[in-house]
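Lifted from TrEMBL, the feature list:
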- 7, 384: Mg(2+) binding site (BINDING)
- 14, 207, 208, 209, 210, 211, 282, 283, 284, 330, 331, 332, 333, 334: ATP binding site (BINDING)
- 91: substrate binding site (BINDING)
- 148: active site, proton donor/acceptor (ACT_SITE)
- 180: site 'Transition state stabilizer' (SITE)
- 240: site 'Transition state stabilizer' (SITE)
Ligand code: AMP
C-alpha cells in the first residue's frame, strides 16, 4: 500500500509517499514559492539518502504536482508508474463542526469543506486546490481528507463555547475548534501506549513549534485545547500573540488607525516571539541571544514558558490530574531550555523533570521524568503525515 500524503499551503506543497502499515517513507519533499519568482523543489529518498534541490518554475499547484509525480516515477524515482499510488491523503485545516473524522473526498464533501472557507481563508482554499489537482493528475484514485480540527471535536460544550451572544454560535459558528489535531492525536496515542493503555488516562500534549498549542486528552479524547476559532488563540507563538484581552486589539486598531487587515497581520505575523524580541521569530535565535545577555530574549522566553506552565496546570485541574505531559514540535522536541522552564514550579503537582536526561539530545521518544515523579514526562517526535496516511488506509480499505 502506497499513500501519497499532500499538505498544500497557498504557495507550498509538502508531500510524502508512505506505506502506512510498515511506516516506510519512500520519498519526501517540498515545492516552495509556488506562483512566486524563484520556486524551489526538494526531493529526498530516505532509503538511499538521495537528495535533490533545484529551482524550477512552478506558476501554479498543477505544475508543482506534475513535477512531484514526474520525479517519483523518473530516474531517481521510487515507483515505476503513477498507478502504484493507491490513494492520496490530504491535510485539510478546517472541518468546522461537520467533519469529526477523516472522510473520502467527493464533490459533495468538498462543497461541505468549502462552506468552512470563511473560518480558514488562508488554508482551506489552498487545501482544496491540492485535492482538485490530485484528482486531475492522478485520476481514478481515492482522495481522503484529514482535518486539523477533527480530533478536538470531542471537546464538551463548556470547553468549546465562547461566552458571547449565543446567536454568534448558532448563526456564525463562532466557537473554539482547535488545531494541530493530527499531531495531538498521534502523540496522545503514543502516550497512552507508553502508559500501558489504562482504562482511564489523563495526558497533556504540548505541541510547540512555530505555531503552538496544548491539549488536554482524557481517555484518548481531546477535552480541551488552547487554539480557538482560529490558530491565533492560546500560547505565545513565533509570530502570533496568543491570548490577549480582545479589547487590546480594538484599542490598538483605533489608536494606530489600522485597517482590519493590518490589525490582523499585527497579531498573526508581528507578535509573539518576534513582537517581544524584535530580531527573529525563531526559538534558536532567541536562545542564543538570551545566552549572550539579551534582556528582551530572556523576557520572551519567560513569557512563553510562563504561559505554557499556566496552561499545563489549568488542564491538569480541568481533568482532575495528569498522568503524562508530552512535548512535541520543533521546540518541544529540541529545546531542553523551554521544556525545563515550562515545568518549573510544577513540583506541587508531582512533576519532576530529570534535568540530566532532559539536557541530552536524543531522537525519538524519550522519558524525561525522574523515577520518583508522579507524572511521566516525555518528548515525542510527532508524525502528522503518518496519521494522514493511516487514516487514508483505514478509509480506502
Ligand atoms: P516547527 O514549526 O514544529 O517546525 O518548529 C519550528 C521551531 O522549532 C522554530 O522556532 C525553531 O527555532 C525551533 N527549533 C528547532 N530546533 C531547535 C533547537 N535545537 N532548539 C530550540 N528551538 C529549536
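Every residue, even glycine, has its Cβ placed from backbone N, Cα and C.
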Near ligand 1, which of the recorded positions show up if the criterion is a Cβ under 6 Å from one of its atoms? Options: 91, 180, 210, 282, 331.
210, 282, 331
Listed recorded positions among 91, 208, 240, 284, 331 whose Cα sits within 10 Å of residue 384 (Mg(2+) binding site):
91
Select the closest residue to residue 210 (ATP binding site) from the following recorded positions, measuring between CA atoms: 7, 148, 180, 240.
240
When the number of other CB atoms within 10 A of each residue's CB is tallied over all shown chains, which of the binding-site residues 7, 210 has the maximum?
7
Of 7, 148, 282, 331, i.e. the recorded positions, those within 10 Å of residue 180 (site 'Transition state stabilizer') when Cα atoms are compared:
148
Among the recorded positions listed here (148, 282, 333, 384), identify the one with the smallest other-Cβ count within 10 Å.
282
Cβ distance under 8 Å to residue 284 (ATP binding site), same chain, sequence separation 6 or more: which residues?
none
Under 8 Å Cβ to Cβ from residue 331 (ATP binding site), same chain, six or more residues apart: give me those in sequence order, or none if nothing qualifies.
208, 209, 212, 283, 338
Using only C-alpha positions, which one of 7, 14, 91, 282, 333 is spatially nearest residue 240 (site 'Transition state stabilizer')? These are the binding-site residues in the record.
282
Considering only the binding-site residues 7, 14, 282, 333, which residue has the minimal Cα-Cα separation from the residue listed as 'active site, proton donor/acceptor'?
7
Using C-alpha atoms only, work out the spacing between residue 282 (ATP binding site) and residue 7 (Mg(2+) binding site) and round it to an integer in Å.
22
Any idea of the Cα spread of the ATP site, 14, 207, 208, 209, 210, 211, 282, 283, 284, 330, 331, 332, 333, 334, as a max distance in Å?
23
Taking every protein chain in this structure into account, which of the recorded positions 14, 240 has the most other Cβ atoms within 10 Å of its Cβ?
240
Which residues does residue 91 (substrate binding site) neighbour through Cβ under 8 Å, counting only same-chain ones at least six apart?
5, 6, 7, 8, 127, 146, 148, 182, 384, 388
Including all protein chains displayed, how many Cβ atoms other than that of residue 208 (ATP binding site) lie within 10 Å of its Cβ?
26
